[in-house]
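Here's the structure we're looking at; comments come further down.
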């Protein structure tokens, strides 16, 4: 057996991709055992540090923001460590000539660097022994610390190997120019660098391939504008022994920094795998490669040869040609007739099931609405109040797609009429909102329900009219009057009181799921009234958390809710925390690419918290109240949902009757762990090939 066949071909495959797999890849996956792979998205199993954040729709990871504000560096790591070194005892049994055996590895990723308007330092693929350390900006790409003694102490036990995609010339760091690729082996001073053959700052997707062959002690890097055609010749080829830097387990991921520039560093697609451990009891058993072949169509290292087996029995003599033709004819005829019969059954069955589904949904809606009691006003009254639902009376659109009209009832009361179509998701939103409002009828900080009605094609909710619009418009309308601090503080306190009521005091717990400034209405006295319960869910006290498709508005959604779809009171608390920071700072959750959470937390770490106050207030606020709102906001957006306070505690902290919760100087990393299930990946010691795919 050739020596190459004695190596284990594949230990670990990690794939993060935002594009559909090819048909060939899909068929190979389908043939693999169900337990040998799982699919994840960018929103799962990642640790985000510094300025790193998920792109809308979890379409990738932004490592930096296109601004000079904030941390300036970001890092995204796969949360589960990867085995890269065989321990000494196992290595000794496999090969007496070496104390430890490193793995070979390869990775492919598609990235995009967009100047805004200037470029930053660049980004890097890295392997690191620390999941929580984030290095410096200003040329260091978030990989290594600056030269301060405190940072050096923090780095003492951290091992890092990185491939730089460098877009900034820093003479002090021995950079050759402002457009190069380089290898860092334990230090920011690169051991090798080269021209990439592409313009790294072009703002277009670029694909990089990195491959390290441990037996040859060589690392190669290719770059191309094409995501599928790897160049024949590598841009960088470095002879380097990484065994002294690799640890038994390390974390794979990306890091970037902006330094004195401002650019958006995005990774859109990522594949990673290790291979090359000698066959031993400590390494996983050989398995088939179940992912797509490498884009350059280079074969993977072959698996070990199978053990000899007895020869198969001699085949029977071939049939006569006429028999073969007749047999083939019957096969084709049977296949055609069988296909036609099957198609007919599918069409008939689909029609029957569709009819049943429609009838069942209509029946379910009728039952749901009937359970809520009789309508409190007629559809004719609702139509008359809005002048026949005249488009000139439209004042907004609800998050569930319902249209909101201003109207006047026969009594002269001004109302907001929310009109749903009696189809699909609109019906569900109507039922959810009506059920929530009937379960929590009385609270001064909820928009009061004045009535409701239904017909065959329309569903209507009627609320008291809020003459001062919503909090979003009051905060962010250009050229308008600045909302004074007294009204802002009262709004934050009012929304906190409303959420505490929904979570703890209603007959059933109500999870709002869409707390944001545009859903906070302002009455005639600028009192805050929380509204729009179209996404709300009702759960009995002590009942299990809700698992749903994540819904709401990006920027306000808790990271664990985006990842798991499990809606709890703590996900509402996170949304409230973002709202509190928005009200105090006058900034939207994400403005010009800057997260208000990251920005305020950075100022808190620099002991400049009150500097986050909205400049339009011109200092006209109570400093203690401003500080209290900002700190309450930060503790509510803690990445670990278990460390967020309940809304009752939030109310007490805001009114000063409870002490503030201690907030760490640095924002803790966002640890997005997978939901445990039977198909979760086994430990690294015993896992077969693992396949990860993001769609």
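Backbone N, Cα and C atoms are what each Cβ position is placed from, and that goes for glycine too.
Annotation source Swiss-Prot lists N-linked glycosylation site at 45 (among others). Annotation note: residue 45 (N-linked glycosylation site) sits in a coil segment as assigned by DSSP.
Summarising the annotation, Swiss-Prot assigns N-linked glycosylation site to 279 (among others) and lists sequence analysis as the type of evidence.
If you look up Swiss-Prot, you'll see 286-320 marked as compositional bias 'Pro residues'.
Annotation source Swiss-Prot lists transmembrane segment at 332-352, citing sequence analysis.
Summarising the annotation, Swiss-Prot assigns topological domain 'Cytoplasmic' to 353-695.
Taken from Swiss-Prot, the feature phosphothreonine covers 376 (among others), and the record attributes it to experimental evidence.
Summarising the annotation, Swiss-Prot assigns phosphoserine to 378 and lists experimental evidence as the type of evidence. Every protein chain shown contributes to the tally, and the Cβ of residue 378 (phosphoserine) ends up with 13 other Cβ atoms within 10 Å.
Neighbours of residue 386 (phosphothreonine), defined as other CB atoms within 10 A of its CB across all chains, total 25. DSSP assigns residue 386 (phosphothreonine) to coil in the three-state reduction, outside any helix or strand. Summarising the annotation, Swiss-Prot assigns phosphothreonine to 386 (among others) and lists experimental evidence as the type of evidence.
Sequence annotations record features per position, and here Swiss-Prot assigns domain 'Protein kinase' to 389-661 based on sequence analysis.
The secondary structure of residue 397 (ATP binding site), as reduced to three states from DSSP, is extended strand. For 395, 396, 397, 398, 399, 400, 401, 402, 403, 418, the entry in Swiss-Prot reads ATP binding site.
Residue 403 (ATP binding site) carries a strand DSSP state (E or B). For residue 403 (ATP binding site), the same-chain residues that are 6 or more apart in sequence and have a Cβ closer than 8 Å to its Cβ are 389, 394, 396, 397, 418, 419. Annotated phosphothreonine per Swiss-Prot: 403 (among others), in sequence order, evidence recorded as experimental evidence.
Reduced to three states, the DSSP call for residue 514 (active site, proton acceptor) is coil. The active site, proton acceptor annotation in Swiss-Prot covers 514 and rests on sequence analysis.
DSSP assigns residue 657 (phosphothreonine) to coil, not to a helix or a strand. In this view, residue 657 (phosphothreonine) is surrounded by 8 other Cβ atoms within 10 Å of its Cβ, with every protein chain counted. Look at Swiss-Prot and you will find 657 (among others) tagged as phosphothreonine, backed by experimental evidence.
Spacing of residue 657 (phosphothreonine) relative to residue 378 (phosphoserine) is 47 Å (Cα to Cα, whole number). DSSP assigns residue 378 (phosphoserine) to coil in the three-state reduction, placing it in neither a helix nor a strand. For residue 395 (ATP binding site), the spatially nearest entry among the recorded positions 45, 378, 386, 514 is 386, judged by CA separation. Separating the Cα atoms of residue 514 (active site, proton acceptor) and residue 45 (N-linked glycosylation site) is a whole-number distance of 24 Å. Each residue contributes its Cα atom, and for residue 45 (N-linked glycosylation site) and residue 378 (phosphoserine) those atoms are 51 Å apart. When other Cβ atoms within 10 Å of the Cβ of residue 395 (ATP binding site) are tallied across all protein chains shown, the result is 14. In this structure the C-alpha atoms belonging to residue 378 (phosphoserine) and residue 386 (phosphothreonine) are separated by 13 Å. Counting Cβ atoms from all protein chains shown, residue 514 (active site, proton acceptor) has 24 others lying within 10 Å of its own Cβ.
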